[in-house]
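Asker: Here it is: the structure, laid out below.
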């Protein structure tokens with residue numbers, strides 16, 4: 001019995017290790033392939049580790065002005081996008097969680113229904129709208145369209161509904177206004193939910209590809225995924241640099257995730273599923 | 001639907017709601033009604049539009065390429081969803097049995113693919129499938145098989161795109177399953193132990209029934225996610241070979257880019273919207289009801 005348990009345990013550990021390595025493998029591979037010599041990336045037979053560890057690919061891509069620009073503007077855009085999205089969606093979440101006003105149900109339905117509109121159905125007409133607004137090839141076209149999100153609002157509202165009323169009653173009796181209560185009671189308590197929603201928005205912006213490709217033609221405003229896709233088609237011989245660039249483009253999100261992983265992983269629990 | 005409070009705050013409420021309502025109106029509601037309108041017109045960038053009634057919808061439903069793309073989407077979904085559900089379910093059970101320290105390392109590691117973009121995943125997997133120096137053919141060579149042109153062969157192209165899709169999604173699925181597993185009271189298993197139930201019996205008679213709602217939720221979201229996938233095929237194969245990897249959304253996107261007849265592809269996207277929208281409305285209803293998960 002005991003021997004059987006040990007075997008079982010070893011087998012389970014082996015399975016866990018196998019899947020964990022499998023999950024990390026593609027990423028590890030692209031990072032390591034970035035250290036290979038240009039011709040070695042796809043040399044036959046396949047080798048996981050480089051014959052010689054070279055930093056040239058990483059140095060070259062980091063020196064590439066367009067890459068630097070793409071990384072910086074995408075990072076700035078993603079941070080701005082996340083902050084705006086938190087502000088806009090959290091204020092609405094607070095209103096729906098706590099305030100009473102005329103046509104509340106109508107407003108609620110109006111906002112929530114947008115959640116069911118799939119992006120593809122409005123991709124082209126959104127393009128026409130931003131074109132008419134003269135937003136093409138501006139920073140605003142990257143940031144603004146996705147800021148308001150019924151899903152994010154709903155998620156934050158679920159969190160606010162669980163904040164006990166007692167916390168704000170004292171402030172209400174003292175005569176604090178609703179906005180004061182929002183900024184001084186709700187916002188400080190929002191940290192866990194803001195981390196989850198904020199990183200979600202950040203990632204959505206960082207990883208987006210089709211929208212930037214449609215709306216940005218000025219290379220100065222290329223976002224990182226657009227840059228990588230363009231690099232891939234235009235400089236297809238520079239495979240080592242592409243590997244290094246792909247690895248570097250994933251790095252900021254991975255670092256961010258590692259910093260906040262505790263919240264994100266525990267956030268899966270409060271995501272309304274349970 | 002909302003309980004009455006002791007005072008109304010119309011001014012503040014509308015002030016705080018203004019940003020979300022204005023932005024949603026400009027970037028979602030107006031485009032949506034615009035799409036609705038365009039779907040009834042023979043509309044293009046270059047000519048004045050003509051009202052054509054349901055012709056666009058008729059055209060799409062009779063277009064073999066669109067029907068083919070729906071079929072591709074369904075096949076793709078059938079490759080991605082069941083595989084990731086089974087793997088995630090078993091793996092979540094493995095993680096649950098692990099010690100806390102190692103469990104958290106595993107959880108972090110399997111979540112990392114989730115945050116990788118479709119573009120980077122495509123770049124990586126295109127290299128993995130490379131005919132000459134790719135890993136996939138290297139592994140095949142261990143078994144003495146001939147190398148394959150994974151992404152260029154009609155038989156293997158779609159499954160080859162399903163693999164990165166599973167890779168990108170299975171971490172989150174596993175963690176949601178794990179959260180569900182942790183909510184099953186230990187006492188159920190202890191009682192089963194006293195009755196002498198084995199590992200598989202416990203899984204089949206306790207875990208599976210109690211995970212029903214989570215599995216349902218993940219199946220439905222997995223389905224809508226997989227059938228909407230287009231980035232991987234766009235970058236890895238461009239929809240080829242012979243349209244075997246053209247998913248519905250890629251079909252629509254390709255028409256936006258190449259066609260003058262925009263009405264058709266918008267009609268196609270609206271048809272999909274009806275199906276996918278109703279599915280997500282159902283999920284939302286289940287989630288928003290208090291008894292989302294019983295047991």
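Including glycine, each Cβ sits where the backbone N, Cα and C put it.
TrEMBL labels come from automatic prediction, so no person has curated them.
Annotation comment: TrEMBL describes A:71-260 as domain 'ABC transmembrane type-1'. What TrEMBL records for A:12-35, A:75-96, A:108-130, A:142-160, A:181-205, A:241-260 is transmembrane segment.
Tell me about the surroundings of these features in the structure.
Answerer: Sequence-distant neighbours of the transmembrane segment (A:12-35) (same chain, 6+ residues past either end, Cβ-Cβ under 8 Å): 41, 48-50, 53-55, 57-58, 240, 243-244, 246-247, 250.
Taking Cβ pairs closer than 8 Å, the transmembrane segment (A:75-96) reaches residues 104, 107-108, 111, 139, 142-144, 146-149, 152-157, 159-160, 182, 186-187, 190, 194, 197-199, 201-206, 223, 252 in its own chain, all 6 or more past its ends.
Packing against the transmembrane segment (A:142-160) from elsewhere in the chain are residues 77, 80-81, 84-85, 88-90, 92-94, 96-98, 111-115, 126, 130, 135, 186, 190, 192-194, 196-197, 200-201, 204-205, 208, 211-212, 215-216, 221, 223, 270-272: each is 6 or more residues past its ends and has a CB under 8 Å from a CB in it.
For the transmembrane segment (A:241-260), the residues of the chain that approach it from at least six positions outside its boundaries are 27, 30-31, 33-34, 36, 41, 57-58, 60-62, 64, 67, 71, 75, 195, 199, 202-203, 206-207, 224-225, 227-228, 231-232, 235, judged by C-beta separation under 8 angstroms.
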